[in-house]
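Taken straight from TrEMBL:
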DOMAIN    51-237  domain 'Reticulon'
TRANSMEM  62-81  transmembrane segment
TRANSMEM  87-109  transmembrane segment
TRANSMEM  152-171  transmembrane segment
TRANSMEM  177-196  transmembrane segment
Amino acid sequence: MGLNAATRNPYNFGLTRPAEEKPKSRLPWFQIITMSAATPPSSSSPALDTFRDIILWRRKKVSATVVLVSTATWILLQVYQFNFITVASWFIIFILASLFLWGNVLRLLGKEPPNVSDFDISEQTTMEITNTYRKFLEDVLRWMFHVTVDENWFVFARTLAGLLLLSYVGAFFDFLTLVYIGTTMMMIVPVIYMKYGDQIQRSEERVKGEMGRFYEIFDEKVVRQTMSKFVKEKKND
């Protein structure tokens with residue numbers, strides 16, 4: 001039986017990894033966005049370009065609108081304790097009333113209202129959205145099996161520590177507040193990284209060096225000694 005170019009893990013649900021492939025270092029999401037800021041528009045999708053422009057405040061009006069809408073929504077739902085359906089209904093009423101007034105003002109001015117038939121979702125946009133969700137799901141599955149199956153206990157322990165920290169923080173905030181904090185961070189962190197990326201990378205390298213030295217000391221003085229004692233006890237038994 002010949003060996004294929006890609007080895008299949010029985011736990012990866014059809015996700016394959018080439019036999020000679022080395023694990024790639026994963027960059028933070030804000031670093032990926034800022035690194036791809038120089039990508040030519042022809043090599044990426046229009047939806048991705050628009051999202052990147054909003055995150056990096058190249059479209060300042062749209063970015064400010066995102067921040068204002070998210071802040072207003074959080075204040076209405078969290079501070080004033082309005083119901084989500086109530087706020088959503090008000091928002092839809094505002095949009096419908098604005099469009100109604102806009103269309104009638106255009107008619108009074110003798111101008112043609114916008115053609116509704118022009119508003120459609122192209123097949124290319126639909127495929128881009130579908131491929132984005134599919135890629136996101138594949139990345140989540142690969143990450144899960146990288147943490148659990150690849151037998152790297154340090155990554156596994158670090159992931160558990162991060163999830164425990166998230167659960168601890170989540171005990172002090174509700175889901176809406178966490179979403180609002182995430183949205184605010186998404187609108188702030190990439191811009192800060194674009195401006196102070198070099199200083200942040202140097203600090204990150206120093207922290208990684210300290211963490212690496214701590215890991216080596218912990219592995220030598222705790223893990224290996226524990227394993228050696230366990231092996232000796234096994235032999236004595």
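Numbers here mean position along the shown chain, with the first residue as 1.
Positions of Cβ are set from backbone N, Cα and C atoms, glycine also.
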- Message: Which residues of the chain, 6 or more past the ends of the transmembrane segment (62-81), have a CB below 8 A from one of its CBs?
- Response: 53-55, 87, 174, 176-177, 180, 183-184, 187
- Task: Go through the chain and flag residues at least 6 beyond the ends of the transmembrane segment (152-171) whose CB is under 8 A from any CB in it; none is fine as an answer.
- Result: 146, 178, 215
